[in-house]
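Features reported for this protein in TrEMBL:
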- Cys96, Cys100, His185: Cu cation binding site (BINDING)
- Cys96-Cys100: disulfide bond (DISULFID)
- 58-223: domain 'Thioredoxin' (DOMAIN)
Amino acid sequence: MKARAPVPRPWDAESCAEEGAGRRRWLGRLLGSAALALGGAWLAGCGEAKPAFNGIDLTGADYAQGFELPDQFGQRRTLADFRGKVVVVFFGYTQCPDVCPTSLAELAEAKRLLGADGELLQGIFISVDPERDTPDIMRAYMASFDPTFLALRATPEELPALAKAFKVYYKKVEGSTPTSYTMDHSAGSYVYDTQGRLRLYHRYGSGAQALASDVKRLLDEAG
């Protein structure tokens, strides 16, 4: 991603015209799946209204169901490793100038707002730039936001299938040199409950307070 205002637009104007149609299709599929999941949840609850989450409720969705990837320390990770915690998963890359650091800073702030419950929030960053995001780079990057956050890296061969499974959009935007490219990518976060079930999607720019409130509600559900 190139320089752009961090809120509320997740994509820069230069690449927006070229990639707008692709993003609209991606967002349409995501929101369509969310609508189906919401409809199923309403029917299952016999129409009983419940207080709304700040994020988009994806309870019952059949995508973004998990991963098995190495973290910045070389340990392979799955959602099962974090049972008992609320997990927030975000796709990005370490050389992103604005969207990624803004999202990770908001995630760190949400953890702070939760107080003692912040220990039950696990941040997960998944790179869409495996060519440049080495373990050493990802270790330093995550440490600048929160040392407990983990960065996961798929191989270039694994990434397309992973992105498809999560309905994540990404594309390399060539720069003036072979290594100066940027990555155009979707910029929201998936939220999983303490049992590893996909529950919410938070759009980019939703804010730390909204995320912290939803995390607290999921923790309260778990008792």
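From the backbone N, Cα and C atoms, a Cβ is placed for every residue, glycine too.
On a predicted model such as this, the values are computed, not experimentally measured, just so you know.
Note on the binding-site residues Cys96, Cys100: the fewest other CB atoms within 10 A surround the CB of Cys96. In this view, His185 (Cu cation binding site) is surrounded by 25 other Cβ atoms within 10 Å of its Cβ, with every protein chain counted.
In the three-state DSSP reading, Cys96 (Cu cation binding site) counts as coil. In three-state terms derived from DSSP, His185 (Cu cation binding site) belongs to an extended strand segment.
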